[in-house]
Amino acid sequence: MPKDGQGTASAYAIVDFDGQRRRTKTKLRDLNPQWDEKFEFLVHDPESMTGETLELNVYNDKRTGKRNTFLGKVKISGSSFAKAGSEALIYYPLEKRSVFSQIKGEVALKVWYVDDPPATTASSEGGSGSEAAEAKPEKAPAEGEKKAEGSEKAAAAGEEEKKEKGEKKTEEAKTEEKKSAPTEEEKKNKSPEEPKAEESPASDAAAAEKSKPKEEEEKQKAPNLAVASPAKETQPAGFSGDLEIRPSVAAADRTTTGGGGSYDLVDRVPYLFVRLLKAKRSGADAEKRPAHAKIVIGSHSVRTRPAKGGDWHQVFAFHKVGLNSTALEVSVYEETPPPPPPSSSSEGDKPAAAADTRLGSVSFDLQEIPKRVAPDSPLAPQWYTLDGPGPGPDEAAAAGCDVMLAVWIGTQADEAFQEAWQSDSGGLVVHTRSKAYLSPKLWYLRLTVIQTQDLRLPPLPDSKARPAGSVGPELHIKAQLGGQVFKTNRVALGASTNPSWNEDLLFVAAEPFDPYLTISVEDASSSSSSVVVVGQARVPLSTVHRRLDDRAEPPSRWLNLAGGDEARPYAGRVHVRVCLEGGYHVLDEAAHVASDVRAASKQLSKPPVGLLEVGVRGAANLVPMKLAKDGSSGSTDAYVVLKYGPKWARTRTILDQFNPRWNEQYAWDVFDPCTVLTIGVFDNVRFKQAEPGGTKDARIGKVRIRLSTLDTNRVYANTYPLTAVHPSGVKKMGEIELAIRFSCPSWLNLLQAYTTPLLPRMHYVRPLGPAQQDVLRHTAMRAVSARLARSEPPLGPEVVQYLLDTDAHVWSMRRSKANWFRVVGSLAGLANVARWAHGVRTWAHPPTTVLVHALLVAVILCPHMILPTLSLYLFLVVIWRYRARPREPAGMDPKLSHADGGVGPDELDEEFDGFPSSRAADVVRMRYDRLRALAGRAQTLLGDVAAQGERVAALMSWRDPRATGIFAALCLLASLVFYVVPFKLLVLVMGFYHLRHPRFRDDMPTASFNFFRRLPSLSDRIL
């Protein structure tokens, strides 16, 4: 944007990061400045680098202009920094500083970080800060990047900063070296295994070095470990390697302002925790014999796994509500090996199994067990002496036996709960555990087939001879990535052996990528159905270029084609262009329920605008999903799956409960408020099956909540009905109780999100066709479901497809009716306005008609008040309707879905029928006839709409010369009338004529309506 008053600007940029500032040189009188300067910033705390922000401000030099100096700014989150070697040139649009700023343009930046050891290591080993700076190796920039020196002032300022920091670090290092002996507290904190000291002074010095706090060593090691985590491109921003959510800005702000902590949206459920570590037994060979422990609380009885030496390290969690006793007993048993079979025994005799030796037990009163709340440190286990079994054969073996354990009462927020044996979810069954999953990171892989050269076609065998009359070989390119196969159009090979296509083929690639993209040239002109492979080439995906925008085409390459036999080791070459599109968002769910709209490349991601927290409290009145063979009883083993963005959360399975209570809480970073959270409830069937994947988990219901309908920083605790559509009909399956909170630290960022495009830039500059998007979306769905099905425990494909709405675009009579009534409902407002206008025109309510006459006169006399009055009226209507706003977020609506009634069983059976259909021929014929009747009505409606447009075109097409002549004469007469009569008077007369009393009105249609209906259309020319 020109800022100097002469159509130009003298721009310079100031970059701020982590308290450090750099300045570029000034480009005089240039609207497209190119600096080509490289700045280095020291990351003081690598662990918090993802929470830092790099800010670049562009100014116009004050010395050359008198107007406003601000030209724009760019803010880049630290979570989007790329590792050295994977950086790319990105064009960022310049942002406004305020609403009234006039900003235009883009700035191209390349940002990356390097895993270099910090300068503190060099300075602490000896030497000043300048020596450390000289010892630090300089990383060469990426290939092709121009390296230019900055201005002299900026360079001098940078050197002074480095020297000052180096001197400070040197002083700190010297003060640390002066510490020659440990403090008294450090001596006390020594482990008891270290020898106590009567040693030489040299040994004292060595002990002093050992007793230094471990924090210094961790500070030296932390940078290398912390900086390496953002380098993983496969992990989205906000997640660490173990699926644990990093604390976001929204969560930190909410905590500091007094908001609730973890598990504040659900009830704290008391559990009795028993941590069994190990047992100590007497005897020389005691460590060789396996032992196990048994926990008994009333009717609850559970045992640990047998382990040699008695080392179990297991935690057991008992739901306190289900306990029916006030005493806890822990017993230790030693397994006795079975005696060897006697040699003289007969073939049918079997030796009796030896009974386990009971070493003793220890008892606890539940009223005296301590309680522990989540922020407290874990309870330290203690040694307990076992009470002997009493006089008997086991008394000698049980003498001097101890067990190490810890018992406390906690909640589900306890860190030991997730990996503990749980009494309400089947113990340690893998398929009943709560887990978090991550969808694979998806990219679009674009293959542009340009041409081939020097093709050497193989001879066709007799069985594949070309049909008579064919002009020659017809070639196409087939590309395959995993299970995805796409082909180009066929091109006839004429006199030239260099056919060209210039076609794009798009694939969905999931990280970690498949090793190769296979490209083959095939001859499809043979008479048989099979094709002949001319040549084949493979492209390693690790060498594919990654593109972030469309400003530069990826580099093309020539690939040598290998023949299929030894006679043709070289079959020609193919010219292609391959790239991974990082500027697109790969849709893996239906667009109207999308939960993530970020680009595939991490470098284009923006910081989150808020934090979404969901508490799954419980469900009520669930129907039996597993019925007994006689139908007398049933059970339901329910669990909940939540999906938002790339993260999936699965609660634990509560066994055999129609009113389960999960009380689990999850959180997601929100990058766009106009997204949807999807929650599904399922009945767990897999945990009872011997063969995983043999059965499918049954659907109970689904709930969707749009985040834009939620007020910020407010907790919504509601119950949502669960309704499922089955082939037998629509059933109410129960209710689910949820608590939802959407926290937002900045209103400005949230409101700014409403003005930005919903999808990344590449979707608008190089859009994909609707049919192509549908194919790619189904491919992405299959990739996500296949990846999550290989997790442990697996998230079944039926669960993933149900939450992603894979059948959203499949034909359904019920959905068609629902969409038709949605269209009618959206036009109901216009219909009401038309009925009101007709009532005013026909004097149905005379006072209203008189007021409309007065309003018409006021509008004619003061036309400049039309737009302000209309805007004020709309404002008042919106404010008035604020009182009737929805108070709670709405879930699924059976009435809107047209599922509450009027849906026949045949229509539901058709909806659940696969593709292609598997029903009988007469059923398919009946459905086809019904579809033809419906399509006939839609066809007639389309024809009527087209006829109205053709009548308008016929006014000037002279197809009906008399009608066009009348229209021309009326246009001439109207021009004379509009010229002579004032416009205000003309509008007033026309308004009064339109609102005339019914006694002055004829019952027949008007002349203008009759004239329009008589205009010809093209309907009579349709065959």
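Using the three backbone atoms N, Cα and C, a Cβ is placed for every residue, glycine included.
Note: TrEMBL annotation is automatic and uncurated.
In TrEMBL this protein carries:
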COMPBIAS  133-152  compositional bias 'Basic and acidic residues'
COMPBIAS  159-199  compositional bias 'Basic and acidic residues'
COMPBIAS  207-221  compositional bias 'Basic and acidic residues'
DOMAIN    1-91  domain 'C2'
DOMAIN    424-559  domain 'C2'
DOMAIN    593-720  domain 'C2'
REGION    120-245  region 'Disordered'
REGION    332-354  region 'Disordered'
TRANSMEM  850-880  transmembrane segment
TRANSMEM  966-995  transmembrane segment
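Assigned with DSSP, the residues of the domain 'C2' (593-720) fall into helix, strand and coil as follows: 10 helix, 61 strand, 57 coil. Long-range contacts of the transmembrane segment (966-995) within the same chain: residues 840-841, 849, 852-853, 856-857, 860-861, 863, 955-956, 1011, each at least 6 residues beyond the stretch ends and with a Cβ under 8 Å from a Cβ of the stretch. Applying DSSP to the domain 'C2' (424-559) sorts its residues as follows: 9 helix, 66 strand, 61 coil. Note on the domain 'C2' (424-559): mean pLDDT across this stretch is 85.
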